[in-house]
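Some notes on the structure that comes next.
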Amino acid sequence: MESSCAGGAFVIAVALAGATGNALTIAALVLRMRRERSGSTASSVFIVSLSAADLCFCTLNLPFTASSLLRGAWTHGPLLCRLVAAGRYLNVGVSLLSITAIAVNRYVLVVKPSRYASLYGGAGVWWMVAASWLTPCLMLAPTLAGVWGQFGPDPRSPGCSIVATGGKSPKAFLFVAAFLVPCLAIVYCYAAIFRHARKARLQVEAHGEAARRRQDEWRITRMVLVIFLSFLACYLPITIVKVVDADSRHPAAHLGTQLLLYISSCINPLIYGATNRQYRRAYAHLFRTIMGLCFSQEARVSKRAVEKPTAADTNTSPPTSL
């Protein structure tokens, strides 16, 4: 019980950090995209989509997860149980497909630059974002309808997950289609990127505007690789534990890896700020904008307070002569 309470407190902290970090990331990047029309806009759109998925997870899913851990059981009814479990799987799918979309974007930019404008110009980027959300929804629809497994209370934990119906479960299919295939696509993209870079002997040196932009693009490419590796570090342990300990003989291992999984929803903003100068500038510009708005509002309030006549002033009238 003590471990569940500690786990619940940990999830609350992750939810608060993730909601704050991802909301700031979305605001900073939207502000940056409105201010600048650069070649990195496509990757920024995918990052916003990834941050939106994590923000939804932190605000709509983790509070119920924390509650179930603190109480030691699911107490929010069957409907919310289904929706929260579906939301967790949806977050995994959207996150990984968003990372895949960024990896493919980097691949086309470096290896197939002649096709970049045709693929990512116009509404192409938005169609890709829509696909990264709709694809997991379609994959989860049979389970949400109870046709192929169902979402319900997890017998191995206080939360909810996919449970088999009639001995049938979509977990193996989801692992292959929604996890393994995107991971292999990301690995292929980065292998091709680094192979092309080595073959072409690309040197990131400061020689004018073109070299600076190339350096910025490579920073984004490396940043996305770090995001992918952190995603694997958060999700692989729970996958391995569920396979190795299918009978839940070690509940502490299941709880620990589950908490590690939740960290993935709040760690990306830290990666953005730590690995990419452009994103640090975007955060700094957002904070300056917020502070400017706060101080201007305070100045307007102070000005109105100074200009507003007092009661004594309004009641004072010039003396009348007798």
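Quick reminder: no glycine exception, Cβ is built from N, Cα and C everywhere.
Quick look at what TrEMBL lists:
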TRANSMEM  6-31  transmembrane segment
DOMAIN    21-272  domain 'G-protein coupled receptors family 1 profile'
TRANSMEM  43-66  transmembrane segment
TRANSMEM  86-104  transmembrane segment
TRANSMEM  125-148  transmembrane segment
TRANSMEM  172-193  transmembrane segment
TRANSMEM  220-240  transmembrane segment
TRANSMEM  252-272  transmembrane segment
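Between the transmembrane segment (252-272) and the transmembrane segment (6-31), three or more CB pairs separated by 6 or more residues in sequence fall under 8 Å, so the two stretches touch. The stretches the transmembrane segment (125-148) and the transmembrane segment (43-66) are in mutual contact, each linked to the other by at least three Cβ pairs under 8 Å (pairs 6 or more apart in sequence).
Here the domain 'G-protein coupled receptors family 1 profile' (21-272) returns a mean pLDDT of 89 for the predicted model.
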